[in-house]
Amino acid sequence: MTKVAVEKEEPGVVYKVAGSLVIAENMSGTRMYELAKVGWNKLVGEIIRLEGNYAYIQVYEDTSGLSVGDPVIKTGNALSVELGPGILDNIYDGIQRPLERIANVCGDVYIYKGIDMTSLDHDKQWQFYADKKLKLNDIVTGGDIFGFVDENKLFKEHKIMAPPNAKGRLTYIAPDGSYTLKDKIFELEYQGKKYTYGLSHLWPVRDPRPVLEKVTGDTLLLTGQRVLDSLFPTVQGGTCAIPGAFGCGKTCVSQALSKYSNSEVIIYVGCGERGNEMAEILSDFPELTTKVDNEDVGIMQRTCLVANTSNMPVAAREASIYTGITLCEYFRDMGYNATMMADSTSRWAEALREISGRLAEMPADSGYPAYLGARLASFYERAGKVKCIGSPSRIGSITIVGAVSPPGGDFSDPVTTATMSIVQAFWGLDKKLAQRKHFPSVNWSTSFSKYVRQLEQYFDNFDQDFLSLRQKISDILQQESDLNDIVQLVGKDSLSEDQKVVMEVAKIIREDFLQQNAFSDYDYMCPLQKTVGMMRIICHFYAQCLRTLQEYDSRERKIGWGSIYNTLRPTINKITHMKFENPKNSDEYFKKYFKALEEEITVGLRNLMEK
């Protein structure tokens, strides 16, 4: 027994170095996905294959300078993240190293090799409030809430939970007061042994945190983007994909979601994208505020960034996705609605392809590994609305929004096709729309959402006409795409009057409803009340125009779209200017505004008929 223990303590030795993959020998006694420290600099690595005495380690730092014979230390632990107060308003790399604190220590633009620093600040004092319902000798299981920490003005209740694998009889709980992450908060006794716990705990990133059961999502994820909220809505706890070529606005859509969605926590993972995009978030987010108790509070206080840009080690891209989703699961277990932005899953798949190539695995389509679909599915499967373990009972959700960057905007790319088969909402971005400066460039013909039926009750409670208005707008856009072929062949003049109305109303929908300027004061986001009001006005105008044309046909007095346009030009201008209404206006204001405009359309067309 002693001999085995000594052998386990004996370090392994580097046998071969191939880019980010290191093969080490003398590694008996290790497990899959165990953390290893490679070389004299103690670079962080993870064991991804075991063959006899050899371990294949993917290293999350630059391996230049490693040589055969360097030591490899076995840690006995899996790659884990530290979960506790201080995660929000922070920026990490792919393996949860705090970049801001590292920059202060290094004083350089580059991270030093093998730097070892706690993910959370262990010296910062947090004000802890214990749960008064808990008594000594109570039986405690994983997920039970012991109290909460006042984290910041926007995220006031950071709940302190027992780790999912903890259980026992409560023998100590700290009174209200200021504590650091090093201090003992509660103590459990199980089978004669005592276990102490603090404000934070570790959890392996590859293991999904346990839940009681999954429940059906039935609440709309408000994005503030009209095209998404109206035509392709998604639920809190849903899975969405945003595929698109370069320059289509994927990052802009995911940033808009981070800024204005109705989630309580945002985890933004920049996985292999440009560093400037993360820098843009770091410069934009601190300026964005939201009102809390009549006080402006920075939106960064509900956001955590996991930055793994394209010039960082490729292997860490894979880890960054798992790090992000584990942070999300932690907030979900508190009973909050968390959203994870993965920008972009294509870069993650490319990292899988590179590591798979180094392992000499058989390549499948486009060189990606055969298990690409399974890995994507296991990642997206961690989304959902759930009943959390522990007491008191609570419901939380994780929404995953994954950007996909297919080369050349080709949606038949393996990553895009695998993602399409998994996700329930598909917001396909179109290069042609982007070139016409139509943003967000969501193609209404190729995109879809399977959540509409789940959201029926929600929309009925909000506005009974919503689903019929949504269907009507989809029909008008579909009719326009069918008529476009005729127009290109024989011109607009050959169309009948009602077809001309379809074309003109579809133009209003495209240019004045679906288009949205993310950088303007009036259209950076759109509340649902304004979206529904705009849909109602457009559909009402369309229905009234068709009714007027039909009545004139029966009276044998010809009237065309030209007459309607000339008579109602001021009203049509008002319809096209609806989006300029300030989104900060109250719901009551929007109801009055749209009611007056609806009346104006009805009266205008009635006067035209009476002439």
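Glycine too: its Cβ is placed from the backbone N, Cα and C atoms.
Swiss-Prot has this to say about the protein:
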- Gly244, Ala245, Phe246, Gly247, Cys248, Gly249, Lys250, Thr251: ATP binding site (BINDING)
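The number of other Cβ atoms within 10 Å of the Cβ belonging to Gly247 (ATP binding site), over all protein chains shown, comes to 12. What surrounds the ATP site, by Cβ distance within 8 Å of the Cβ centroid and not counting Gly244, Ala245, Phe246, Gly247, Cys248, Gly249, Lys250, Thr251, is the set Ser405, Leu429, Ala434, Ser441 from the same chain. DSSP gives Phe246 (ATP binding site) a coil state; it is part of no helix or strand. Counted over every protein chain shown, other Cβ atoms within 10 Å are most numerous around Cys248 among the binding-site residues Phe246, Cys248, Gly249, Thr251.
When the neighbouring Cβ atoms lying within 10 Å are counted for each of the binding-site residues (Gly244, Lys250), the highest count belongs to Gly244. Non-local neighbourhood of Ala245 (ATP binding site): Ser405, Pro406, Gly408, Gly409, Leu429, Lys431, Ala434, each in the same chain, at least six residues away, with C-beta under 8 Å from its C-beta.
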